[in-house]
Amino acid sequence: MKTNIKVFTSTGELTTLGRELGKGGEGAVYDIEEFVDSVAKIYHTPPPALKQDKLAFMAATADAQLLNYVAWPQATLHGGRGGKVIGFMMPKVSGKEPIHMIYSPAHRRQSYPHCAWDFLLYVARNIASSFATVHEHGHVVGDVNQNSFMVGRDSKVVLIDSDSFQINANGTLHLCEVGVSHFTPPELQTLPSFVGFERTENHDNFGLALLIFHVLFGGRHPYSGVPLISDAGNALETDITHFRYAYASDNQRRGLKPPPRSIPLSMLPSDVEAMFQQAFTESGVATGRPTAKAWVAALDSLRQQLKKCIVSAMHVYPAHLTDCPWCALDNQGVIYFIDLGEEVITTGGNFVLAKVWAMVMASVAPPALQLPLPDHFQPTGRPLPLGLLRREYIILLEIALSALSLLLCGLQAEPRYIILVPVLAAIWIIGSLTSKAYKAEVQQRREAFNRAKMDYDHLVRQIQQVGGLEGFIAKRTMLEKMKDEILGLPEEEKRALAALHDTARERQKQKFLEGFFIDVASIPGVGPARKAALRSFGIETAADVTRRGVKQVKGFGDHLTQAVIDWKASCERRFVFRPNEAITPADRQAVMAKMTAKRHRLESALTVGATELQRFRLHAPARTMPLMEPLRQAAEKLAQAQADLSRC
């Protein structure tokens, strides 16, 4: 509905406000009839004189670079010509959504199913570029949070709420006096408020790193994880204060480790890992966090080092990784990216099972390995320590002691034989001490022998695996299992399609519950920080909620857990099963896409494996040679230990 309210620009130009687009606590946003690419923000009450000066400066210094990344004031708006500032005009942000719609796996699967990790990487890069633009102009964002960023399907990012920025107006600072606790850096967590406090670029750089982490790691918070000490995990703000970065290289000391089934930080190259370590630990306060420009450069470089999985075009990851991290997570039941089927990369369409298997069968096994054996060495065993009797002498001593004891008893304790009692006692003491020391020496030598044998056997197994007959047979057995899996895929697909009837109700219900998002739900006692903690554990929708899953999040006791369970139950009560939609074409397509992906994965692995098996014999010498000298030393050590033990 049009308002037809008349307002004036700072130059006295009359404009007409159109329909109201949105309203917040501070003001409302309207279309402008005369400027279709701009909107007007009108405050509920005219801002103070200092805020009016701030807006006037921002409008006067607007340039193309700022307007490209920020919904920056283009002109101040007034109730009358030359009157007080009541609002401002800014670029219209259309065709974009809040950034959590991109980084949240649950939201992205529904709204942006075609967006893979390379898209997220570009979004993260553009977030950094928006910060760099603000900083280059001498300003600070200040109130960094996920609600201040809008992103489009072209990955372009726009910062909104620019009137809250900390603005440097030719030396006059207009402060940003608000903030969101779980985006506030550790060194500012104990501030009672931001009123009168000057923010710095380094404070911004904490929020920037956190946003980039959100985008690249599925919305997870870097300070949310599994507690390793009693006082960790109770409150996100406390964990931030104590630098409990869950993904840190020294996280055991910090008291938090990553949540289960989360994206590993090792997915990133070591230089980018180090940037997060710098941003989220004490060194970021002491020597500065990575700047926005540094993030732009690092992410641009990473974008040039990506590769696609052979199984799915949606699986894009850094080229330094050997295996696809998304496939590994899929196998754990964690789906970050949906493969819609039509984008599966095939193995080229030239896979012929019979041909590949013929390669396997034609592979020649390596010859038996000539390994160093302990028998090849004839070491001299170490003698027993001086004064220590061999076992057979101890036995003779014990026999003699027993015989003398019996003889003494037979002499009916005549006085002249009483002198034998201390002699027998001395013999008994010597024999007892000698026996105890002997047993300790034997135990020590036996343990040394066992360790040497274990080391030798381990090296033998290792050599056999990389270049021996055992390794060749094990690899061929594995390939045979793959071949059998490929042959069984048609039957497996039939069973999966037939099972759709049995699982129809649960699948419909699951899809229904996936439409209820925790981040917009009203759950008693569960505010933004606790919702961030749930998201870090992969709990984003009603479909993700289980009592056990919620209770593993620190801070969710019986009361809060029940509140989340009750919310899920309220969602479930709205579900109505539709039998006529029991099995949709999309359901069938999903099964067939899964089978196709599995076939391509097996075909590719079998092809590579067949080639490796053919080359096994050729490469065996090069693989075993580095291990031969350690094995020779282990064999010699074992022979010595055996000789030492034989002296006992």
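Glycine is treated like the rest: Cβ placed from N, Cα and C.
According to Swiss-Prot:
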type	residues	note
ACT_SITE	Asp143	active site, proton acceptor
BINDING	Leu21, Gly22, Lys23, Gly24, Gly25, Glu26, Gly27, Ala28, Val29, Lys41	ATP binding site
DOMAIN	15-302	domain 'Protein kinase'
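Neighbours of Val29 (ATP binding site), defined as other CB atoms within 10 A of its CB across all chains, total 20. DSSP classifies Asp143 (active site, proton acceptor) as coil under the three-state reduction.
A mean pLDDT of 93 is what the model gives for the domain 'Protein kinase' (15-302). For the pair formed by the residue listed as 'active site, proton acceptor' and Lys23 (ATP binding site), distance between Cα atoms is given as 19 Å, rounded to the nearest Å. Residue with the densest Cβ environment among the binding-site residues Gly25, Gly27: Gly27, by other Cβ atoms within 10 Å. Counting neighbouring Cβ atoms within 10 Å of each of the recorded positions (Leu21, Lys23, Asp143), the lowest count belongs to Lys23.
The Cβ centroid of Leu21, Gly22, Lys23, Gly24, Gly25, Glu26, Gly27, Ala28, Val29, Lys41 marks the ATP site; residues of that chain outside this set whose Cβ lies within 8 Å of it are Ile42, given in sequence order. Binding-site extent for ATP: residues Leu21, Gly22, Lys23, Gly24, Gly25, Glu26, Gly27, Ala28, Val29, Lys41, maximum pairwise Cα distance 14 Å (rounded to the nearest whole number). Lys23 (ATP binding site) falls within a strand when secondary structure is assigned with DSSP.
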